[in-house]
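Asker: This is the structure, below, for whatever I ask next.
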Amino acid sequence: MKDSNCIFCKIANGEIPSATIYEDGEFRVILDRGPATWGHALILPKEHFSDIYEIEDEVLTKAFVLAKKMAERMTEVLKCDGFNIIQNNGSPAGQTVFHFHIHLLPRYTDDGAKIGWKPNEISDEDLKKCLEQFSE
Ligand code: 5GP
Ligand code: ZN
């Protein structure tokens, strides 16, 4: 299914031109227009799924296998020193385009990109409370 209001549906299916570094029947991999680092790319399924909760397992599996393949290829081409694979779901998690995508983020020593979080401390009591939520 495609969503006629979705920009990534249009890009993935070639209705809007993009800097494509890989394409097959199910996916297009494009360079991000607001890159965090040199070579920042996005894996877009050609079908519309808004996020991880909606995407079919079969497509998701293929998307992550492709992420590995792209990480290998991009590392070879770009000579990066490390690699982040990031996938955001929902506004609080930083998702801004509601068509499932995987960020491929080549990292370079001292590239200054701000990705990550400050670890908080958690008490034994809170750790137990959180654990218990999984057995409710
Ligand atoms: P999100 O924040 O949803 O995880 O990531 C959306 C990403 O899409 C951002 O990194 C943003 O720069 C990128 N982006 C948004 N619109 C376009 C576009 O029209 N073309 C390309 N190539 N990237 C886009
Ligand atoms: Zn879409």
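In case you wondered, yes, glycine gets a Cβ from its N, Cα and C as well.
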Asker: Of the ranges 69-73, 94-98, 99-103, which one does TrEMBL flag as motif 'Histidine triad motif'?
Answerer: 99-103
Asker: To what whole number does the mean pLDDT across the domain 'HIT' (7-114) round?
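Answerer: Mean pLDDT across the domain 'HIT' (7-114) comes out at 98.
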